[in-house]
Amino acid sequence: MHSNGTMLLLYALASIIILILMIAKWRLNPFVSLILVSIGMGAVTGMPLTKVLSAFQDGLGSGIGSTASVIALGTMLGKILAESGGAERIATTTIKIFGPKLIHWAMLVIAFIVGIPIFYQVGFILLIPLVFTLGRASGISLVKLTIPLCAGLATVHGLLPPHPGSMQCVEMLHADVGKTILYGFIVGFPAAILAGPLYGNWITPRIQLPAHNPFAESLEGSSDQDKNLPGFWLTIFSILLPVLLMVFSSGANIFLPHGNNIRAFMNFMGDPVVSLLIALLVSMVTLGFWRGFSSADLLKFTNDCLGPTAGILLLIGAGGGFSEILYRAGVSNAMADLSHVMHLSPIMLGFIIAAVIRVATGSQTVAMSMSGGMLAPIIFSTPGFHSPELLVLSIGAGSSILSHVNDGAFWLLKEYLNMTVSQTFKTWTVSVTIASIAALILTFGLQALGL
């Protein structure tokens, strides 16, 4: 690799270390820290300062993008579920079915199922109110409940179509969608078990969360706990409605041709913002008006819960700005070049390339799409390689590794659980890395079986 590429990697590493020190040791505001490090990274790599600022703003806008709408609508839906008693109904029923000792396993199963058709952030925002309610009702640590939730959602996001990164890899590598989904389940669920309930059990006693959690408190119901709670299935329907709409949209893309009006309509209905909006409006009726709440009550609920979301939106946006600076500076290409010169099997090479791009950019989707494009001409010329589905899985596994401060999901978990940066590394970063390595090992296992 050229010396320029080596210097880029050193600059990127230094910027990440400085960012961590700013936030964790020097206690500087994370949003301000991300701006300063982004400007510094752009300057030392030779970008004109005006272009540094425009790149950061572009990344910030793209980082927030529809995420702002998703977080706002999902938070409103969670608040209505809490105020109506719906979240409490799910919590009490879940505790009754699984028992307090198995609730964290239930969260993994729920996350794995719900996460199939939706983005990680959407699933997290949709299910985190349930985590808060279950934690309050059972007395179990939020860490023990949230780690399985995050592991399930993140694993599905990286390994299973119809998520955009894996779908792009399937198309570029000419893999079979059905086989990829089947192998993805075989690889993904055991990996999520290791990274979720098992690692969560180990790390929970080592993480002490603050007693005050503004997000949990903003989603607490204010009415009497002895009230008549809504039905379990009605509440489940309110949570799963956006998921069902997204599933129908994915099905339409598979079974209906381009240009079909029904497909276009289902794609519109299955958009995360539209599906959450529909679910919110339905819940306002079924869990709001039907249960005696007035329009003024619903307005108060939906306004009061939005305050704590401002900080996380800024951090997600700033993380996107930092990622854009790294991308435009050429860091991801330098990391890919470093991996490319190593003489490795396609599966190992796919894992490494996706991993280094993920670490550089903070995006699973970008890591998978770039890796698939780079590896397609290689595997087509590699004699004896007949497992593009396994290559898709290895790329997905690599794209999950070492999520850190340039990933919006890192800040999402940190803020919602009110953790420190150090605690977020110990929980989120380690968990997704365990899932990543486990998925790679299991992928090699499938290859050894001749699949």
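Any Cβ shown, glycine's included, is placed from N, Cα and C.
According to Swiss-Prot, the features are:
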TRANSMEM  4-24  transmembrane segment
TRANSMEM  30-50  transmembrane segment
TRANSMEM  62-82  transmembrane segment
TRANSMEM  108-128  transmembrane segment
TRANSMEM  140-160  transmembrane segment
TRANSMEM  180-200  transmembrane segment
TRANSMEM  229-249  transmembrane segment
TRANSMEM  270-290  transmembrane segment
TRANSMEM  306-326  transmembrane segment
TRANSMEM  337-357  transmembrane segment
TRANSMEM  375-395  transmembrane segment
TRANSMEM  430-450  transmembrane segment
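Counted over residue pairs 6 or more apart, the CB atoms of the transmembrane segment (62-82) and the transmembrane segment (140-160) come under 8 Å in fewer than three pairs, which marks the two as apart. Under 8 Å from some Cβ of the transmembrane segment (180-200) lie the Cβ atoms of residues 104-105, 107-108, 111-112, 143-152, 155-156, 159-161, 166, 170, 389-390, 392-393, 396-397, 430-432, 434-436, 438-439, 442-443, 446, 451, all in the same chain and six or more residues away from its ends. For the transmembrane segment (306-326), same-chain residues at least 6 beyond its ends with a Cβ under 8 Å from one of its own Cβ atoms are 12, 19, 30-31, 34-35, 37-38, 41-42, 47, 52, 55-64, 67-68, 71-72, 75-76, 214-215, 218, 332, 360-363, 405-408, 410-412, 415-416.
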